[in-house]
Amino acid sequence: RGCPRILMRCKRDSDCLAGCVCQKNGYCG
């Protein structure tokens with residue numbers, strides 16, 4: 001919830017915008 005719908009690659013939750021977590025597919029969501 002509250003995660004901007006922007007495709008962002010990540011390795012960890014802190015790579016993502018506020019409200020997002022790093023998913024298993026390597027993208028924030």
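We number each residue from 1, going along the chain as drawn.
Even glycines carry a Cβ here, placed using N, Cα and C.
Database features, via Swiss-Prot:
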- Cys3-Cys20: disulfide bond (DISULFID)
- Cys10-Cys22: disulfide bond (DISULFID)
- Cys16-Cys28: disulfide bond (DISULFID)
Revision key, fill the gap. Other C-beta atoms within 10 angstroms of the C-beta of Cys3 (disulfide bond) total 14
Study note, to complete from the structure: Same-chain residues at least 6 positions away from Cys22 (disulfide bond) with a Cβ under 8 Å from its Cβ, in sequence order, are Cys10, Lys11, Arg12, Asp13, Asp15, Cys16, Cys28
Check your understanding: For Cys20 (disulfide bond), what is the secondary structure by DSSP, using just helix, strand and coil?
Key -> coil
Exercise for review: Just jot down the residues in the same chain as Cys20 (disulfide bond), at least 6 apart in sequence, with C-beta under 8 A of its C-beta; none if empty.
Suggested key: Cys3, Pro4, Met8, Asp13, Cys28, Gly29
Check your understanding: Across all chains shown, how many C-beta atoms besides its own are within 10 angstroms of the C-beta of Cys28 (disulfide bond)?
Key -> 21
Review point. So of Cys10, Cys16, which of the disulfide-bonded residues has the fewest other Cβ atoms within 10 Å around its own Cβ?
Key: Cys10
Review point. DSSP three-state call for Cys28 (disulfide bond): helix, strand or coil?
Key: strand
